[in-house]
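Here the structure is laid out as structure tokens; the discussion comes afterwards.
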Amino acid sequence: MPAPKFAGMSGNILMRAVTSCATMGFLLFGYDQGVMSSIIAAAPFNDVFTATKDNSTMQGTVTAIYEIGCLLGAVFILGAGDWLGRRWSILLGATIMILGVIIQVTSFAGHVPLAQFIVGRVITGVGNGMNTSTIPTYQAECSRTSNRGLLICIEGATIAFGTLIAYWIDFGASYGAPDLTWRFPIAFQIVFGLLIIVGMSILPESPRWLFTRERYEEGEAVIAALMGKETSHHDVQLQKTIILDSIRAYVMLIIFDVFLQIFAG
């Protein structure tokens with residue numbers, strides 16, 4: 001019996017697809033960290049958002065409010081991430097991010113543009129906060145123990161590369177039409193978001209999450225696909241046992257902690 005496949009992929013090819021999609025999420029995070037750097041002081045931007053002109057406090061607020069959204073997104077995943085699952089959390093995060101970007105780039109003078117832009121920044125932050133809280137977990141749960149740490153480090157390194165892309169996009173847009181000076185760099189985030197949505201639509205769910213939901217056959221199939229081996233293979237069954245043992249150990253730890261709180265105050 002051949003190894004299970006997702007979108008025709010298995011083994012190293014599937015693992016590279018998972019890594020590419022995970023990396024894209026942090027590339028987007030880095031991009032959004034740097035995209036406002038030159039936009040916020042640009043004349044075309046300040047012509048639309050007059051409150052930011054020569055006002056460093058307002059400029060700082062507009063830039064930093066995005067981080068508040070990231071915090072809210074991370075807190076949401078803390079409470080709802082295990083219920084949604086890794087794939088749906090990332091898909092929802094990317095969709096929310098795109099919605100926030102659309103709100104930002106459709107801000108026009110005469111229609112309370114700054115308030116709309118700030119709301120869009122917060123919503124974008126929520127989406128990115130959801131993704132950056134979920135993607136490392138998804139990547140780790142789909143990776144082999146031998147290269148798990150390396151792949152997580154690669155994710156972190158791409159943040160700086162995403163910021164670099166933002167700087168060059170800002171620079172190039174500054175030579176374009178005045179309205180595109182700030183709209184295009186912000187709208188470009190949608191490209192990353194769509195790539196994440198397309199990728200996660202065809203990639204498998206985390207095997208660990210599937211096991212926590214007692215979807216054992218699906219989890220086993222994902223492990224087999226990631227390894228490029230049939231489900232009955234010894235390595236697949238060993239990895240399944242390791243994951244199930246770690247889940248049971250985690251549950252026992254929670255029970256023990258509750259026991260201590262009850263009887264030890």
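Using N, Cα and C of the backbone, Cβ positions are placed for all residues, glycine too.
Quantities reported herein were computed from a predicted structural model and do not represent experimental measurements.
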Choose the correct range: of 90-112, 205-227, which one does TrEMBL annotate as transmembrane segment? Give that range.
90-112
Which range out of 90-112, 118-138, 181-203 gives the transmembrane segment (58-78) the most CB pairs under 8 Å?
118-138
